[in-house]
Amino acid sequence: RIMRPDDANIAGNVHGGTILKMIEEAGAIISTRHCNSQAGEPSVAALARVERTDFLSPMCIGEVANVSAEITYTSRHSVEVQVNVMSENILTGAKKVTNKATLWYVPLSLKNVNKVLEVPPIQYARKEQEDEGKKRYEEQKLDRLETKQRNGDVILPVINPEPHTVGYSQSSLIHLVGPSDCTLLGFVHGGVTMKLMDEVAGIVAARHCKTNIVTASVDAINFHEKIKKGCVITVSGRMTFTSNKSMEIEVFVDADPFVDEPRERYRAVSAFFTYVSLSKEGKPLPVPQLLTETEDEKRRFEEGKGRYLQTKAKRQAQMQQSAQQ
């Protein structure tokens, strides 16, 4: 579809959250189709996880986004989907890849939302494809468990914070989940949640550097629990790390059951977003150094630095491999 002004920021760059929402919609369609391709109990595919995705180049107002999806692996109860996003300038015909993403879905019964159904198997062209897919499945399953175990933090307001501190840029958004946010089962679309997370992360980044900012990448997004229609969700974001030209922002979503639910608030989703600062000409700008004050902030900064260096090393290794080929 064509990108409109309400899809973009004031500089004309399409929001990362808009692209994430389109990616999730494509993944949900193909997964739900596949899970209902054989006779049996009808189901809807629910998003469980999004692997790291890089925003390879910005998309602008007036360009057309082409989103394609392919199922690459199925386990007994989950579906792996690879999604590619390409932008097209319809005036010049120029095309470029902007995103590649991997998503995991589980089929939930239409009759019983707490029942996970079995997934029809797919045919692999080679045995190696199945083995590689199984390895990815085991890795993401382990990472989801580890992430859920360390999700206990909350973001508290800071009185009169200093510029460039964590407290100065941290932000929260409160949203009442309505019918238009939800699937046929009455739970929030993963794409809706990711779009809200990107909005909050963008506010944190803009507050920190006070320039035009764009989403550079999103680390794995883990959907720990479903969010039901009628819940009040709080989307919170805080700066964890800055390099010379990038900012890492931790974002998590807490859900408060609001209608006819005795349950207490719970952590539903968590992820790390990375942003870059751009000049009016679209060139990268230096990012102000994050000032850490507490021991927890210093610990999170070092953890973020570790993720940054790991990603940088992977990227350099991929570039060297491509050059050798």
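Just so you know, glycine gets a Cβ as well, placed from its N, Cα and C.
Just so you know, TrEMBL annotations never went through curation; they're auto-generated.
Taken verbatim from TrEMBL:
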ACT_SITE  Asn9  active site
ACT_SITE  Asp198  active site
COMPBIAS  296-306  compositional bias 'Basic and acidic residues'
COMPBIAS  316-325  compositional bias 'Low complexity'
DOMAIN    1-111  domain 'HotDog ACOT-type'
DOMAIN    167-281  domain 'HotDog ACOT-type'
REGION    293-325  region 'Disordered'
Legend entry - Cβ neighbour count (within 10 Å, all chains shown) around Asn9 (active site): 16
Inset, instruction - Using a Cβ cut-off of under 8 Å, list the residues of the same chain at least 6 residues beyond the compositional bias 'Basic and acidic residues' (296-306) that approach it. - result: 166, 240-241, 243, 248, 250, 272, 290
Inset, instruction - Provide, as an integer number of angstrom, the distance between the C-alpha atoms of Asn9 (active site) and Asp198 (active site). - result: 12
Legend entry - Packing count at Asp198 (active site) (other Cβ atoms within 10 Å of its Cβ): 26
Legend entry - Model confidence over the domain 'HotDog ACOT-type' (1-111), averaged pLDDT: 95
Legend entry - the compositional bias 'Basic and acidic residues' (296-306): DSSP-derived helix, strand, coil residue counts: 11 helix, 0 strand, 0 coil
Inset, instruction - Taking helix as H, G and I and strand as E and B in DSSP, count the residues of the region 'Disordered' (293-325) in helix, strand and coil. - result: 30 helix, 0 strand, 3 coil
Inset, instruction - May I have the DSSP-based helix, strand and coil counts for the residues of the domain 'HotDog ACOT-type' (1-111)? - result: 23 helix, 52 strand, 36 coil
Legend entry - the domain 'HotDog ACOT-type' (167-281): DSSP-derived helix, strand, coil residue counts: 26 helix, 54 strand, 35 coil
